[in-house]
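Noted in TrEMBL for the protein shown:
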- 27-363: domain 'Orn/DAP/Arg decarboxylase 2 C-terminal' (DOMAIN)
- 32-275: domain 'Orn/DAP/Arg decarboxylase 2 N-terminal' (DOMAIN)
- LYS57: N6-(pyridoxal phosphate)lysine (MOD_RES)
- GLY227, TYR365: pyridoxal 5'-phosphate binding site (BINDING)
- ARG307, TYR311, GLU338, TYR365: substrate binding site (BINDING)
- CYS337: active site, proton donor (ACT_SITE)
Amino acid sequence: MQLNNQTYQIQGVDVLDIADEFGLPLYVYDADKIIEKIGLLRSSFAGVNLKIKYAAKALTNVSILKLMRQQGVEMDSVSVNEARMGMLAGFSPSQIMFTPSGVSFGEIREAIELGLQLNVDSLPLLEWVGQNYGSQVPVSIRINPHISEGGNIKISTGHADSKFGISILQRADMLAIVDQYQISVAGLHIHTGSDFKNANAFLKGADVLFDLASDYPNLTFIDFGSGFKVSYKEGDHITDVAELGRQVSAAFQNFCQQYGRELELWFEPGKFLVSESGHLLVKTNIVKENPTRTFVAVDSGLNHLIRPMMYDSYHDIKNISNPAGSTKTYNVVGYICETDTFATDRPLPEVRPGDVLSFENAGAYGFSMSSNYNARFRPAEVLVYEGKPYLIRQRETFEDLLRGQVDVDIFSEELRVMSEE
Ligand SMILES: *Cc1c(COP(=O)(O)O)cnc(C)c1O
């Protein structure tokens, strides 16, 4: 989103025009930003056989998945339903990694029958695959490397007490099960969580996998998961992807030489690819001056963007309709009957009732974590592609709120007669 002649634009389209055309609240995604991030990742890892598997849970709209596919990116899924959406977008099942965490064997069976690439997250699951499929289903194994590197504890997944992956301390047990059932191990995987600032965490994780790889001679890929830190505001310390690319590529090439074969290097970025592309546009309902604070209440809340309340995430806010207003300080809050604070003591160009605000970095874990709490509609979604905005999800209607509810006749006739009188 760029400020040109006092109007905010996405690919040259005035954001206020998009708001007028599609209504508010609205999620708007900039395809160029996604394409730029894919390009940045590719150029940073130019020296290795890189595969990007978009972590679809970040933003699961089928049009976004199609954009990824059109850009040569493949997919990572955490549920069979996500994988099915990927298949609707045109991915072949073999292009979709399935990384379950504690899901039922029934769902694993479905995934295998669909032909997804299974990533095994526990010893019981490894054993189950061996018992049921022997060497027939090539798997990758998700390792918990016991690394703790910064980031919010709620999104950190690689430390010793995390529920994710098979502990590296259980290396011998892993190998015993693989040997017993002759399981075909095609890949090793780590995903140590989000928000790493430098290459260190990746390199430490890489060392764990490179060492473990000597147990598995038939690997075709090593998957480093994700954890790239993205920019939320100017001056943010973010993952230097070019530097990461140099360091991890060098370590990887070295490893491949020792291993005796060129392997594929996989990443599964979610946030990195889509966070900055997304903007949640909202309208200001009320500006309320209390003795100590001025509140801006908008027509959105934790039902549309829960990250500030759940992870204390920071989202830059732009006053789209009054960018030149004089700066004042606000608490920006939602309309839900909870304390759904988007921002505290935030300096913004003066906000007036009716002003359109944009929450930035809303592409990842925005819509995909939204709900109908307080019986409110989820926003529509628009994708701007080659200078044109396209509606990619309709705004919900009252019928959507009732869909699936069964109005059972469980109350007695007398009661109903009484209440009608
Ligand atoms: C969520 C997830 C990702 C993506 O993480 P980001 O921080 O959004 O990049 C990658 N891999 C797996 C297995 C995940 O669960």
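Heads up, the Cβ atoms here are built off N, Cα and C, so glycines get one too.
Automatic prediction, not curation, is the source of TrEMBL annotations.
Just so it is clear, the model here is predicted, and its values are computed rather than measured.
Structure with TrEMBL features highlighted.
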residue: LYS57; record: N6-(pyridoxal phosphate)lysine; contacts (Cβ under 8 Å, 6+ apart): SER77, VAL78, GLU82, GLY270, TYR365, SER368
residue: ARG307; record: substrate binding site; contacts (Cβ under 8 Å, 6+ apart): SER313, HIS315, TYR365, GLY366, MET369
residue: CYS337; record: active site, proton donor; contacts (Cβ under 8 Å, 6+ apart): ASN374
residue: GLU338; record: substrate binding site; contacts (Cβ under 8 Å, 6+ apart): GLY301, LEU302, MET309
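Comparing the binding-site residues TYR311, TYR365 by how many other C-beta atoms lie within 10 angstroms of each C-beta, the top residue is TYR365. TYR311 (substrate binding site) sits 15 Å from GLY227 (pyridoxal 5'-phosphate binding site), taking the CA atoms of both as reference points.
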